[in-house]
């Protein structure tokens, strides 16, 4: 069992080097694969001897035991990547994960905010304080660009061009994209860079665009906490909140105003159009609600 766990660590190291996956993803893979190794060990199996039927039984057992479909899908992804790696490294002569059936995932619509709610959220920070001026600029950039939370906290000074009005983003899989900022975001970035950021840095030299109060790179958890703080001030229902609430609003509002789906896909940094298409369902649902509220025969 120790040898199998060691191979998992080798695999995760290789995955980090090749794919530049987030630490949270790697830790989730580590937990899932360690659980799988223990499950195999109790059945007298190892990574070298496990067969497709064994892996399928593991997935089925997880689902029947109350595992969420999304968790099972993540487990399947980890298992597939691991055995592809073992096959590529010639530890195995076959890949038993090649034909595993995927669990059916329920289609969940992203939590979205109305344009009026977003406006209230953006107006919540008190811009006469450097810290809240930073937060105002962050919220404006999030809504203007649709960036992921992890992408925003990773931005550096060299990633933005206020003259050109664009931001350079390094997204999932280390893929780079340029996203327009828009006039409002550019204005608040300029204001923050002049009146907010120098106060936050207090003489510390750091390239991070949005530093923490301690002049370090902000964590995703801190940003999420700040979003929730302003949402409460704006009177927004907590059930409508998620770390990517402004990303979802960005996509939905663009589609509501007639944006092309593939343009939205490019701006969001989605590799698969089907990932973007879920926002069309949000827009359609919004239209249906408006129809029911205002049409005399609805």
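The backbone N, Cα and C atoms fix where each Cβ goes, glycine too.
Swiss-Prot lists 148 (among others) with the feature active site, giving sequence analysis as the kind of evidence. Residue 148 (active site) has a Cβ environment of 20 other Cβ atoms inside 10 Å. Secondary structure at residue 148 (active site), as computed by DSSP, is coil.
In this structure, residue 172 (active site) is part of a helix by DSSP. The annotation active site is assigned in Swiss-Prot to 172 (among others).
The annotation active site is assigned in Swiss-Prot to 244 (among others) on the grounds of sequence analysis. Annotation note: residue 244 (active site) sits in a coil segment as assigned by DSSP.
The annotation active site is assigned in Swiss-Prot to 247 (among others).
Under the heading active site, Swiss-Prot lists 270 (among others).
What Swiss-Prot lists as active site, O-(3'-phospho-DNA)-tyrosine intermediate is 279.
For the domain 'Core-binding (CB)' (2-87), the model's average pLDDT works out to 88. According to Swiss-Prot, the feature domain 'Core-binding (CB)' maps to 2-87.
Under the heading domain 'Tyr recombinase', Swiss-Prot lists 108-292.
If you measure from the Cα atom of residue 148 (active site) to that of residue 172 (active site), you get 10 Å. A separation of roughly 15 Å, to the nearest angstrom, links the Cα atoms of residue 247 (active site) and residue 172 (active site).
Summary: among the active-site residues (172, 244, 247), the fewest other C-beta atoms within 10 A of the C-beta are counted at 172.
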